[in-house]
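Some features that TrEMBL has for this protein:
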- 41-289: domain 'G-protein coupled receptors family 1 profile' (DOMAIN)
- 26-49: transmembrane segment (TRANSMEM)
- 61-83: transmembrane segment (TRANSMEM)
- 103-121: transmembrane segment (TRANSMEM)
- 141-163: transmembrane segment (TRANSMEM)
- 204-227: transmembrane segment (TRANSMEM)
- 239-261: transmembrane segment (TRANSMEM)
- 273-291: transmembrane segment (TRANSMEM)
């Protein structure tokens, strides 16, 4: 009977995040604006990097362009479903749709982890090995590294999706979350999830811990190199170059560690924490990289034909 029931399960119901009913219209409008601005902001960064000849051949901006693609993807996978939770319409998602959402979220999320590590490596080579940088990191190598990140991310996403949905799901079908993520979906499984929880903890833990450790080591060396710069202006420019990346990494990794690398609990804070990597970080990335990056700001001015910029060349 359990096998028959598990095959009859064709959809899940996403309950969304708890909120006061009087804030429904506000939250719907807020996250709709977040989604639109996220897409427009990241598209602007992508177009700027692609169009500007001074940026699109440089590894740092190749990585930044790929980051914009990932941010647009994560936002598109998650935020529309979040917006729907603030309406009176159906909150159901098909079984296949749930599988796809979980796969693509972890595929893009892990690829983003690897990409942040590559960006830290790029900054390390640029600041700590400036004379060797053109040889150690060039456009061709950066494209190969990005391709490797995509492949590794797809393997990670497939592993998590296969492990999660190999289990029988025979009801209830209400996912106490605003999208199909591993902890929320596993609570509905009609089988022991101990192995899944252990593998998820180890797999995600290894990805997050190894990437974060490499980023941390890179920035320890970068800070040591910056402190050896004799001029205050040189130190300021070096810190400014890395400041955007440090900000983004902090906003991304802290919530991820909170969600996946702690004992299983059904805390209301989980939903709030997940909003950062799924909705807030993709929205903030274009702002952080344009407001803190002088080269991107100059490229934007060149693209719109600012007279002031033309006078600089």
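Placement of Cβ uses the backbone N, Cα and C atoms for every residue, glycine included.
Any TrEMBL annotation is an automated prediction that lacks curation.
Keep in mind that what you see is a predicted model, and the values were worked out from it rather than measured.
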Chain residues in Cβ proximity to the transmembrane segment (26-49) (below 8 Å; excluding those fewer than six residues from its ends, i.e. six or more beyond): 19, 55-56, 61-62, 64-65, 68-69, 71-72, 75-76, 79-80, 82-83, 86-87, 279-280, 282-283, 285-287, 289-290, 296, 299-300, 303
Stretch among 103-121, 141-163, 204-227, 239-261 sharing the most Cβ pairs under 8 Å with the transmembrane segment (273-291): 239-261
Close approaches to the transmembrane segment (204-227) from elsewhere in its chain (Cβ under 8 angstroms; 6 or more beyond its ends): 110, 113-114, 116-117, 120-121, 123-124, 127-128, 156, 160, 235, 238-239, 242, 246, 249, 253, 256-257, 260-261
Tertiary contacts of the transmembrane segment (239-261) (same chain, 6+ residues out, Cβ under 8 Å): 109, 112, 116, 119-120, 123, 126-127, 182-183, 200-201, 204-205, 208, 212, 215, 219, 222, 226, 269-270, 273-274, 276-277, 280-281, 284-285, 288-289, 292-294
